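Quick notes on the structure that follows.
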Amino acid sequence: MSSLTLSRRPRRNRKTAAIRDLLAETHLSPKDLIAPFFVKYGNNIKEEIPSLPGVFRWSLDLLLKEIERLCTYGLRAVMLFPIIPDDLKDAYGSYSSNPKNILCHSIHEIKNAFPHLCLISDIALDPYTTHGHDGIFLNGEVLNDESVRIFGNIATLHAEMGADIVAPSDMMDGRIGYIRSKLDQSGYSKTSIMSYSVKYASCLYSPFRDALSSHVTSGDKKQYQMNPKNVLEALLESSLDEEEGADILMVKPAGLYLDVIYRIRQNTCLPLAAYQVSGEYAMILSAFQQGWLDKETLFHESLIAIKRAGADMIISYSAPFILELLHQGFEF
């Protein structure tokens, strides 16, 4: 049987692994990944989170060893989240401004141990509040301006401790401009701001809240986090944060919002981060544990999709696992 007369045969560019690699448009490397870690008081603690298999709450001593191990695989950036005991929480999140809290102490110690590492700190109140909201909660409402002033103080404190980048995750109006001003006035003009500029009110955060032992006791976060139905609002939020002085923008969650990542990428020249959140990680792990899908290729494919949509960097709980695979030369 004679061959068809075709001027173009795209399959020629897929016929061997070498050709496919040569022509690949999107690549994943250790430099693309930010590893998030939960740190708590104590010693010799590595406590697996039930809703996040393979993710742990670490005491600082063991976290330092884990970071050292991952640096041999090419780890370049970490993001820290604190586990705060209930007896240190109050309605105002006062402990967030204590320079001796576990997050401040961890920033200082990790930066001293790994000065080459990019250290990103979480700027939020929900780990420290009894009500679980991301700001001061009064009479059924999260107070915007009063909360923003606290975030400015926290950001300055983290910069003093050694954070390279502060990452406000609260979604209050005007917080980027206020934090930038506070940092500059305090002598930290070199400290960058990674803004959670587009943070949707998603159901995919539940395992993260389990990890922090932080749950909303009254109301919800829909009055300040974004409506999943909207994308033009995402463009507005990101442009406002850019105008206010953000150095890096972020979309959270990532996997269900690839269109948003793409749209923002077309509208900004700033670096763009995406957060593959706890629920995304948990869904992939659940499918693997049920024997339905392959963990290695699914994590890789999900991260490639996020990069292909336009993200320059990805925060993912799979980062330690992927770093090991990349180091081993795993063929995806």
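For all residues, glycine too, the Cβ spot is worked out from N, Cα and C.
Taken from Swiss-Prot as is:
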- K199: active site, schiff-base intermediate with substrate (ACT_SITE)
- K252: active site, schiff-base intermediate with substrate (ACT_SITE)
- R209, K221: 5-aminolevulinate 1 binding site (BINDING)
- E237: Mg(2+) binding site (BINDING)
- S278, Y317: 5-aminolevulinate 2 binding site (BINDING)
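Of all the recorded positions given, namely K199, R209, the one with the smallest number of surrounding CB atoms inside 10 A is R209.
Counting Cβ atoms from all protein chains shown, S278 (5-aminolevulinate 2 binding site) has 23 others lying within 10 Å of its own Cβ. With the fewest other Cβ atoms inside 10 Å of its Cβ, the least crowded of the recorded positions K221, K252 in this structure is K221. K252 (active site, schiff-base intermediate with substrate) has K199 nearby among the recorded positions K199, R209, K221, E237, Y317, counting only those with a Cα within 10 angstroms of its own Cα. DSSP classifies S278 (5-aminolevulinate 2 binding site) as helix under the three-state reduction. Distance noted between the C-alpha atoms of the residue listed as 'Mg(2+) binding site' and K199 (active site, schiff-base intermediate with substrate) is 10 Å. Sequence-distant neighbours of Y317 (5-aminolevulinate 2 binding site) (same chain, 6+ apart, CB under 8 A from its CB) are P36, L52, G54, V55, Q276, S278, Y281. Around the Cβ of E237 (Mg(2+) binding site), the number of neighbouring Cβ atoms within 10 Å comes to 21. Here the Cα atom of K199 (active site, schiff-base intermediate with substrate) is found 15 Å from that of R209 (5-aminolevulinate 1 binding site). Following the DSSP three-state reduction, the secondary structure of R209 (5-aminolevulinate 1 binding site) is helix.
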